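Down below is the structure, laid out as structure tokens.
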Amino acid sequence: MNDVLNQLESWAARGALRSLDIALTRFIAEHAGSPSPELLLATALLSERNGHGHVCLDLASVLADPAALLSEDEAQQALPQHNECPVAEELSNCLQGWQLQQWVAALLASNAVTDARHGQSPSDSSSPLVLAGSEQTPLLYLRRYWVYEQQIQTGIQQRLQNQHEWSKEDTARILTQLFPPKNVTAEEPANDWQKIACALASRTGFGIITGGPGTGKTTTVIRLLALLQGLQQSQKRPPLNIRLAAPTGKAAARLSESLTKGIEQVKLSGDLADCRQDIPTDVTTLHRLLGSRPGSRHFRHHAKQPLPADLVVIDEASMVDVEMLAKLFDALMPHTRLILLGDKDQLASVEAGSVLGDFCRSAAQGNYTSATLQWLQQVTQQSIPEGMLNASGSSLAQATTMLRHSYRFAKYPGIGALADSVNSGTATPADIQAICTQYARTGSAVSPQHNLELIRLQKPEFQSSKAAAEGPFSPLKNLVKQGYQTYLTELIKLRPSTDARESLDPWALAVFKAHSQFQLLTPVRTGPWGVDALNILVLNALKTIPSLRGLLPQGNPAWYPGRPVLVTRNDYSLKLMNGDIGICFEWPESQVLRVAFPDGQGGIRWVLPSRLQGVETVFAMTVHKSQGSEFTHTALVLPSHDTPVLTKELLYTGITRSSEAFTLLYSDTQVLANTLTRRVQRASGLQN
């Protein structure tokens, strides 16, 4: 036992395991009687995998490819003297000769593990570990994650069985009102997938609508809500009590703004006109919806005190982790319907799980049964391609729709072409070069056909002279100076003469509008390519612009005019949510610093800097943090070293944060090639 623990401590010292992983393993060692090496190693690997977003440990995959596990941390990988980490090789040596069934037998011999394979529910609720899955694919869980998956599976199965048998005539009539016939053009898809999505989501207690940026998810939601309220009205039932939520404050504010604008554009005439007032536009965060309790994993709403709602709609569902989704299902009443919206191809949640990706693994193929296709033809007059027919399609597939036409990128096809190429998983650096050349922009001018930029940086020589280390960053410095100078110039130029709110608020709103035109993104937090280092690089670069020298500080104060900040944790007392972006201003008369935040309703909330505890400078933002946001021009800089976080999903997410222009900076062709082919693959029992 000590030999195994010593080996684990050695890996932890090199950053391949966390202190938490070691602590859990020691806990199991102390409470499992005579723990076997197989149990201790499995526990450490399971904890390590949880830290990387996996819900469980796929034992067969570990034996098949141990090199895919255990790598040094970001900071170690970024060091100039860094060599290939031997930890993965040492793990392979430890596993040499191990057989899957013998490993499973060793785990089940311990009282720390309960067998939940073959569908049986474990009777021993005290064991910390649960073995589930199948004989061929055994999955080891921390008990709480296994419970979370069971709650999710049960919640979905129950709702899929709740068929809402609306009148076909009423459904078809209302859908025709919401989606009037139109002439199909080369730019329009043959099938109206938004109409299909509304139909499928209306007939069961659970539904999924997935699609990339600009495919009309928000518009579809508005029409879906109108359809459901119209169907309620047709059967002389009271309107549904609908609640809308998103994972972050930023995503909630964006959905609320989109709904407010979109509902005015959707024609609700005739008997649907009365439904407009029953379509909500207020969107909250998931934490606030469930009633979070400070310092606790528990919420105010749960099975014994459920959320009062008939329908809950969750946007940006790709950001929802397995624990949060389980808590949501636990808080829903049996009759409450749930609709998940999101882009299945975006990055998965920061915490464990990839629930939307798991649910939508086959969404592109449709897998609709003949009964579903026949029903869709009757209520939507849409003919689904025969290739999407699957006689044995799952009940989940019958409630899932993928929106397939991007209206946003129809105007800026370069971004759409680049995103599609990356999303294919087969693109090469040459493919990226070809697309960026085809849609290349020159200088700062952006047009629909010229809005991409690919910049190859020289690889920094950190061990050489300061010039050799900093010289390769010059193109990046020039880019951020051009990108951020606009909002800082607006901050100076539009500065009012008084501290009156009627002067301050328009000033701040104009600066925020200018700030949303550019954002620098990075995949990593630490090292020379991480958020912290890039924030310093950007600020120093901006200080060299003559017109900004009177605005930006020459020293390093914590707060200064123009500092953009990102809220990193919810602060309900200030009504600020994780993901909110603020900008520091100096009021003209009193010359005091205040931080402005959009209030989500077209106004500004001003906050004392001293009251902001959970914030960080955001000249550079991680791609994970950018989810739910949109910027006119985004620039993504890839590190010069390879790291497991560099995946096609990360690159796709970075590209699709752009609405009009995108710049990709890289310094190593092999790193880019690896990024294009590496996929996010998280072990989970929800995939089946």
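Glycine too: its Cβ is placed from the backbone N, Cα and C atoms.
Remember, predicted model here, so these are calculated numbers, not experimental data.
Features as listed in TrEMBL:
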{"type": "BINDING", "residues": "G211, G212, P213, G214, T215, G216, K217, T218", "note": "ATP binding site"}
{"type": "DOMAIN", "residues": "14-134", "note": "domain 'RecBCD enzyme subunit RecD N-terminal'"}
{"type": "DOMAIN", "residues": "618-662", "note": "domain 'UvrD-like helicase C-terminal'"}
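Feature annotations (TrEMBL) mapped to structure.
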{"residue": "G211", "record": "ATP binding site", "CB count, 10 Å": "24"}
{"residue": "G212", "record": "ATP binding site", "CB count, 10 Å": "23"}
{"residue": "P213", "record": "ATP binding site", "CB count, 10 Å": "22"}
{"residue": "G214", "record": "ATP binding site", "CB count, 10 Å": "20"}
{"residue": "T215", "record": "ATP binding site", "CB count, 10 Å": "23"}
{"residue": "G216", "record": "ATP binding site", "CB count, 10 Å": "21"}
{"residue": "K217", "record": "ATP binding site", "CB count, 10 Å": "22"}
{"residue": "T218", "record": "ATP binding site", "CB count, 10 Å": "18"}
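In the predicted structure, the domain 'UvrD-like helicase C-terminal' (618-662) carries a mean pLDDT of 92. Across the domain 'UvrD-like helicase C-terminal' (618-662), DSSP assigns 12 helix, 15 strand, 18 coil. Per-class residue totals from DSSP over the domain 'RecBCD enzyme subunit RecD N-terminal' (14-134), listed helix then strand then coil: 63 helix, 10 strand, 48 coil. G211 (ATP binding site) falls within a strand when secondary structure is assigned with DSSP. DSSP assigns G216 (ATP binding site) to coil in the three-state reduction, outside any helix or strand. Each residue in D343, L403, S406, Y407, R408 lies on the same chain as G211, G212, P213, G214, T215, G216, K217, T218 and has a C-beta within 8 Å of the C-beta centroid of that ATP site, without being one of the site residues.
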